[in-house]
Ligand SMILES: O=C(COP(=O)(O)O)N(O)CCCOP(=O)(O)O
Ligand SMILES: [Zn+2]
């Protein structure tokens, strides 16, 4: 069933587990996410980035996800990931999305607060929940020094001010993760996470979670992470299966015989994440 993000995350926050938020941009990835959720009886957040919207078209990807979510037996939210453009956020609200991220983390704090507060007021008026970001979660490709990454981490006092002044439902925090494939092992600042959770007591979001060791994920969940964003691991599962399949069968040409097995490979990765996050059986 299609539900709001806060309906899913409030329960996770109260019961101390995390829900996977998996990015899609087409039919097969969406099918893989929904099938994984059904098979593990997990609530799930299906999310689309602005790049995903450009690739698929907002009306088309909305229709695919909403149709499958409404038919599903598990709770599913449709979420805009990293909405940096106000008008894109508004478009998603008009297309029946049940959760949006207003990502104004690149702006100075006061401007981030101002625009996020506006989105929260509008979204809440439509019964939609809101994620925002404080601190800067960059990409593993960004050439920044360790000190710069440290400086980009979320300041607990700023996070408290931000949450109070915006009324945001869940907050993405920077504690050492980054988007994309890691070169080395990411070091998460668990003390910072613990402090932020104690001070804010709302659902917290971990971006850039692909490639983070399982023990670190489990510790982050135990300290209060309730939404975990995964995209790179799914993309890499797709690409591995595709290469393997084409190497083994140079004659295959039916997209269904190519994309179907790739879909199944993505589904298996997603199921493992749902079990690792503690969401399995929580639907
Ligand atoms: O936090 C994550 C996923 O992080 P990951 O790379 O560790 O999977 N995300 O928000 C996914 C961001 C995807 O954006 P784009 O479609 O522009 O490539
Ligand atoms: Zn992200």
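Heads up, the Cβ atoms here are built off N, Cα and C, so glycines get one too.
Per TrEMBL, dihydroxyacetone phosphate is bound by 208, 209, 210, 229, 230, 231, 232; the candidate from 167, 176, 180 named for the same site is 180.
Taking only the Cα positions, the spacing between residue 179 (Zn(2+) 1 binding site) and residue 208 (dihydroxyacetone phosphate binding site) is 4 angstrom. In the three-state DSSP classification, residue 230 (dihydroxyacetone phosphate binding site) falls within a strand. Residues 177, 179, 207, 211, 233 surround the recorded dihydroxyacetone phosphate site, their Cβ atoms falling within 8 Å of the Cβ centroid of 180, 208, 209, 210, 229, 230, 231, 232, which are themselves excluded. Around residue 232 (dihydroxyacetone phosphate binding site), taking its Cβ as the centre, 18 other Cβ atoms fall within 10 Å, counting all chains.
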